[in-house]
Amino acid sequence: MQTLLVSSLVVSLAAALPHYIRSNGIEASLLTDPKDVSGRTVDYIIAGGGLTGLTTAARLTENPNISVLVIESGSYESDRGPIIEDLNAYGDIFGSSVDHAYETVELATNNQTALIRSGNGLGGSTLVNGGTWTRPHKAQVDSWETVFGNEGWNWDNVAAYSLQAERARAPNAKQIAAGHYFNASCHGVNGTVHAGPRDTGDDYSPIVKALMSAVEDRGVPTKKDFGCGDPHGVSMFPNTLHEDQVRSDAAREWLLPNYQRPNLQVLTGQYVGKVLLSQNGTTPRAVGVEFGTHKGNTHNVYAKHEVLLAAGSAVSPTILEYSGIGMKSILEPLGIDTVVDLPVGLNLQDQTTATVRSRITSAGAGQGQAAWFATFNETFGDYSEKAHELLNTKLEQWAEEAVARGGFHNTTALLIQYENYRDWIVNHNVAYSELFLDTAGVASFDVWDLLPFTRGYVHILDKDPYLHHFAYDPQYFLNELDLLGQAAATQLARNISNSGAMQTYFAGETIPGDNLAYDADLSAWTEYIPYHFRPNYHGVGTCSMMPKEMGGVVDNAARVYGVQGLRVIDGSIPPTQMSSHVMTVFYAMALKISDAILEDYASMQ
């Protein structure tokens with residue numbers, strides 16, 4: 001009996017150890033000297049240790065015969081304490097060494113630059129994001145197969161992989177009473193990524209239920225689980241959190257349990273500069289990568305099978321361009337020989353965010369977050385008829401304008417994308433905007449235009465990869481509907497903040513406050529928004545997965561066209577935006593592509 005008690009005590013104490021003690025082993029295992037891998041050969045090299053990179057590395061190395069090297073510019077950060085682990089500290093990490101903070105070009109909409117927040121460390125942006133766990137509309141994912149020809153990329157398959165990644169925690173009675181709704185059939189329970197209600201232990205604010213009451217008066221559904229393929233309505237939602245409320249980031253979940261595998265190595269503090277290509281045959285082949293920290297200190301490491309780019313939608317396309325894979329018009333002026341001519345870096349689609357914030361009465365105090373995924377008609381309200389007229393008459397003009405600005409390469413192909421978006425809006429009633437409510441001391445709405453029609457680009461500006469000189473231009477609001485949509489959604493947030501049951505807790509507006517008349521019309525909002533918004537940090541599309549003739553860079557197995565042994569496996573490849581937070585889809589992508597890689601590996605044995 002005494003032995004049993006002692007054993008139980010030891011187990012309990014071990015479980016209670018702070019994460020920074022439990023993670024000492026992983027930090028000691030990380031390689032920091034590039035000479036440890038320089039000149040070596042492994043089966044697979046992964047450029048980038050973020051969400052998709054670490055998920056794929058963990059999946060591939062389940063086979064002890066497969067060796068994987070992950071190269072990451074940052075370090076292990078999951079044990080940094082509340083600034084990383086506490087989702088309620090969202091934003092505090094911005095501007096630190098864990099934030100790449102990529103700067104855009106000077107934006108035409110306001111003659112200012114903006115910062116793109118992106119995680120620099122093992123786990124990537126799962127270290128710094130808000131942790132929201134929702135899924136897009138079924139029609140959006142289905143279109144990847146039906147419109148873009150990506151066989152196997154449909155809702156049923158992608159949702160199955162997303163559930164495979166998930167370890168869901170159902171809300172308790174208190175959380176359900178506060179506004180959570182849970183459909184067990186829409187969640188996985190045996191996966192790796194912990195997802196469940198955010199709960200500080202404080203009472204929940206009644207403002208969430210007040211919002212639900214206010215939108216129900218408008219015919220908007222409220223008992224919604226945003227994981228089921230139709231995110232329209234108002235509800236609370238899961239976050240990527242353990243039950244003890246510690247962030248469930250990609251390094252904690254995919255690397256920490258697996259770092260002791262002898263076939264998995266992780267090199268930190270190094271940048272992948274370019275892919276090494278062999279051109280002995282008719283088709284170039286990726287045989288490794290060059291990596292380093294600056295031009296005078298680079299190394300090569302070699303891949304027996306494949307190189308997998310997972311550096312994110314801002315950086316993976318630049319690695320391709322530095323490698324000679326991209327548009328001749330971009331590469332040749334920099335003195336880079338074009339090995340494969342592809343529209344790399346185009347089709348960049350990021351969302352925008354503006355804020356409406358109000359003071360609340362003491363009766364409204366408490367924790368709580370909820371989202372209103374609003375349809376096109378709900379977003380535009382009385383302006384809906386005119387907005388639909390734009391959709392029905394302007395698509396071809398918008399495509400021509402986007403191509404002329406360098407955001408895409410072909411008007412006909414872009415028109416197919418626009419018609420797809422119109423189909424979502426008109427025939428499937430997908431969510432067009434998101435009003436994200438946080439009740440932490442205020443009633444604050446972050447408001448997103450979810451489906452931008454504008455197209456931007458990212459391109460290198462120098463042939464030296466280690467200078468990190470590239471132009472990132474999302475071209476925010478250069479499409480008239482995008483500006484109108486962001487303006488209308490933000491106007492809607494102001495309206496709902498002081499409507500119906502919400503009025504009970506309204507104690508005056510602080511943002512926009514006096515910066516915009518309370519009775520401002522939509523035209524006034526379109527003048528206000530360009531100077532009072534931020535990027536949403538959800539850029540996709542820069543190495544789009546679609547047919548070459550439509551502007552694709554990779555095929556439906558994420559293989560780069562015209563190159564053997566090279567894939568892009570990150571947020572660069574979705575060909576469209578989504579009415580969702582993107583993590584659920586990115587985890588599904590990583591697992592689905594991993595299976596494709598493993599199938600190819602098995603066929604070679």
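Glycine is no exception: its Cβ is also placed from the backbone N, Cα and C atoms.
Swiss-Prot lists 1-16 with the feature signal peptide.
The FAD binding site annotation in Swiss-Prot covers L51, T52, E72, S125, N129, G130, T132, V272, G571, M583. Remark: G571 (FAD binding site) has T52, G312, S313, H538, G539, V540, V582, F586 as non-local neighbours, by Cβ distance under 8 Å and separation of at least 6 in sequence.
Under DSSP, N65 (N-linked glycosylation site) is assigned to coil, being neither helix nor strand in the three-state scheme. If you look up Swiss-Prot, you'll see N65 (among others) marked as N-linked glycosylation site, on the strength of sequence analysis.
Within its own chain, N111 (N-linked glycosylation site) has no residue 6 or more apart in sequence whose C-beta sits under 8 angstroms from its own. Sequence annotations record features per position, and here Swiss-Prot assigns N-linked glycosylation site to N111 (among others) based on sequence analysis.
In sequence order, D225, G227, C228 are the residues near N183 (N-linked glycosylation site), counting only same-chain partners six or more apart with C-beta under 8 A. For the recorded site, N183 (N-linked glycosylation site), the DSSP three-state label reads coil. Residues annotated as N-linked glycosylation site in Swiss-Prot, with experimental evidence given as evidence: N183 (among others).
Sequence-distant neighbours of C186 (disulfide bond): residues of the same chain at least 6 apart with a C-beta under 8 Å from its C-beta are R135, L163, D225, G227, C228, G229. Per Swiss-Prot, the feature disulfide bond maps to C186-C228; the stated evidence is experimental evidence.
The N-linked glycosylation site annotation in Swiss-Prot covers N190 (among others) and rests on experimental evidence. DSSP assigns N190 (N-linked glycosylation site) to coil in the three-state reduction, placing it in neither a helix nor a strand. Non-local contacts of N190 (N-linked glycosylation site) by the CB criterion (under 8 A, 6+ apart in sequence, same chain) comprise R167.
The number of other Cβ atoms within 10 Å of the Cβ belonging to N280 (N-linked glycosylation site), over all protein chains shown, comes to 8. Swiss-Prot lists N280 (among others) with the feature N-linked glycosylation site, giving experimental evidence as the kind of evidence.
Here the Cβ of N377 (N-linked glycosylation site) has 15 other Cβ atoms within 10 Å, regardless of which shown protein chain they belong to. Taken from Swiss-Prot, the feature N-linked glycosylation site covers N377 (among others), and the record attributes it to experimental evidence.
In three-state terms derived from DSSP, N410 (N-linked glycosylation site) belongs to neither a helical nor a strand segment and is classed as coil. Annotation source Swiss-Prot lists N-linked glycosylation site at N410 (among others), citing experimental evidence.
Annotated N-linked glycosylation site per Swiss-Prot: N495 (among others), in sequence order, evidence recorded as a large-scale study or a structure entry. DSSP assigns N495 (N-linked glycosylation site) to a helical segment in the three-state reduction. In this view, N495 (N-linked glycosylation site) is surrounded by 14 other Cβ atoms within 10 Å of its Cβ, with every protein chain counted.
On its own chain, R559 (O2 binding site) has L566, R567 as residues at least 6 apart in sequence with a Cβ closer than 8 Å to its own Cβ. Sequence annotations record features per position, and here Swiss-Prot assigns O2 binding site to R559, V560 based on experimental evidence.
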Judged by other C-beta atoms within 10 Å of its C-beta, the most isolated of the recorded positions N65, N129, T132 is N65
Have a look at the recorded positions (L51, C228, V560) and report the one with the fewest Cβ neighbours inside 10 Å.
-> C228
Max Cα-Cα distance in Å among L51, T52, E72, S125, N129, G130, T132, V272, G571, M583, the residues listed as binding FAD?
-> 30
Minimum Cα separation from E72 (FAD binding site), reported as the residue among glycosylation sites N280, N377, N410, N495 that achieves it | N280
Out of N129, N280, V560, which of these recorded positions is nearest N377 (N-linked glycosylation site) by C-alpha distance?
-> N129
Where does C228 (disulfide bond) sit by DSSP, helix, strand or coil?
-> coil
Closest to V560 (O2 binding site): which of the recorded positions L51, N65, N129, going by Cα position?
-> L51
